[in-house]
Amino acid sequence: MLKAPRFWYQPRSLLGGILSPFSFLYQIIVRIRRGLYAVGLKKISKFPVPIVIVGNITVGGSGKTPFVIWLANELKNRGFRPGVVSRGYGGKANRFPQTVTENSDPLQVGDEAVLLMKKIDCPMVVCRDRGAAVKHLLRNFQCDVVIGDDGLQHYSLGRDLEIALIDDRHLGNGRCLPAGPLREPKSRLNTVDFVVPKQLRPNEIYQLKNPAKKIDFNELKELTVHAVAGIGNPGYFFKQLETLGANVIAHPFRDHYFYRSEDFNFDDDHLIILTEKDAIKCKQFDDERLFCFSVDAVVPDQFQNDFFRLISNIILRKQAQREGI
């Protein structure tokens, strides 16, 4: 079981200070790499449809998956034809790019990809090479906008809009890896189109074995439960359950962990509540104690207004370019 080092989220720490020279070196490498793309020394794949990148500059969960679900479905509801590309982290398929379906195996395409596909009404392709994923998507589906899930640092994929998500831990101690949680310097946020705070709303709690069996949130008050989370920021999940009144026995696992039945061998009969990403990998277990806690992204109205105005203009501009207008 792994979690982010505590010193990443402390303003001052001995270990953070010791590692700061390595962070400085890391920043230099990141800036050089990005600069090579900016001046054309490394190739950027460009496409005839808008590419919207959703990501973050920190290691760990920032609510990307619920946000991408909301964005894909909202685009579809507004008459667009979205598609999603992702790395498919944790997937071990022999062939990529690979189209994700509702019946895809998380072991093959990754847990986040399977969760996304079960909750969005649009095509999705996974591949470590994001450009190859977009080519495969556009070759096989008629999409007019592509969402790049967790692609902020993948500069080989051209982009028209960038959305950076920030979670409740913000930027931690403000240092880059390994002294802090930042993948890129915090100044990177000045270059994206939107910075959106992570906000999740509880949706429902249902039993994995029988999804029709649900627990009302009021029933959680004073109830002792095992909370199991193999996500980037498990503390946020535990805090949500505590806010609803539950007495939480926390079990943080490493991100993208694949569970075994013995992981749930607790010496009591308390309910076991999982995140949606974890539940995807536990449906094969015949255990009536297993429940899933589903959430929805809450997105600011101002972002919605600005984003859909911009994306509409970009689509019209690209269409005019294709037609030579």
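Each Cβ is built from the backbone N, Cα and C atoms, and glycine gets one as well.
Copied from Swiss-Prot, the annotated features are:
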- THR58, VAL59, GLY60, GLY61, SER62, GLY63, LYS64, THR65: ATP binding site (BINDING)
Per DSSP, three-state class assigned to THR65 (ATP binding site): helix
Env. residues of ATP site, Cβ within 8 Å of mean position of THR58, VAL59, GLY60, GLY61, SER62, GLY63, LYS64, THR65 Cβ: ASN56, LEU165, ASP167, LYS198, GLY232, ASN233
Which of GLY60, GLY61, all binding-site residues, has a Cβ with the fewest other Cβ atoms inside 10 Å: GLY60
Surrounding CB atoms that lie within 10 Å of the CB of VAL59 (ATP binding site), all protein chains: 18
Cβ atoms near THR58 (ATP binding site) (within 10 Å, other residues, all chains): 26
Distant-in-sequence Cβ neighbours of SER62 (ATP binding site), under 8 Å, six or more positions away: ASN56, LEU165, ILE166, ASP167, LYS198, GLY232, ASN233
